[in-house]
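Asks: Quick one: the structure is below, and I'll ask about it shortly.
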Amino acid sequence: MAFFGLIPLIATPARADLRVNIDKSSQRMSVRVDGAPRYSWPVSTGRNGYGTPSGTFHPQAMMRRYFSRKYYNAPMPHAIFFYHGFAIHGTNDISRLGGPASHGCIRLHPAHAAALFALVQREGARNTTIRISN
């Protein structure tokens, strides 16, 4: 028996559930993939007078190279925008990671920002949840 014209099904890889948790009190980010811990990194969130929003978000846009239109054309490499111009992104000011230092964004070491960016790209923005807590 011949089956002409059948197209073989190509399995698409399953996407993982990606959870990015930012704790503003400890200034740390933890990343879980399908519930398993993957990364834990120091971050900088909003300094006095510049709050980082709390809540649950999903990536809205991603830009490998971006420069702030609001803050002196500051570089924001590997930016993952999640709410009204707020983003997770790399910083060159790595000595301040671990303490509040930003205008409200979540800053990461450039290598960590690149790793997170690649992970979100691979797993998909729809499968990524960003949770920011006090």
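Just so it is clear, glycine is given a Cβ too, placed from its N, Cα and C backbone atoms.
What TrEMBL says about a protein is an automatic prediction, not a curated fact.
For 18-133, the entry in TrEMBL reads domain 'L,D-TPase catalytic'. According to TrEMBL, the active site, proton donor/acceptor annotation covers H89. Positions annotated as active site, nucleophile by TrEMBL: C105.
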Asks: Whole-number Å only: compute the distance from the Cα of H89 (active site, proton donor/acceptor) to the Cα of the residue listed as 'active site, nucleophile'.
Replies: 8
Asks: Where DSSP helix means H, G or I and strand means E or B, what are the helix, strand and coil counts for the domain 'L,D-TPase catalytic' (18-133)?
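Replies: The domain 'L,D-TPase catalytic' (18-133) comes out at 20 helix, 49 strand, 47 coil.
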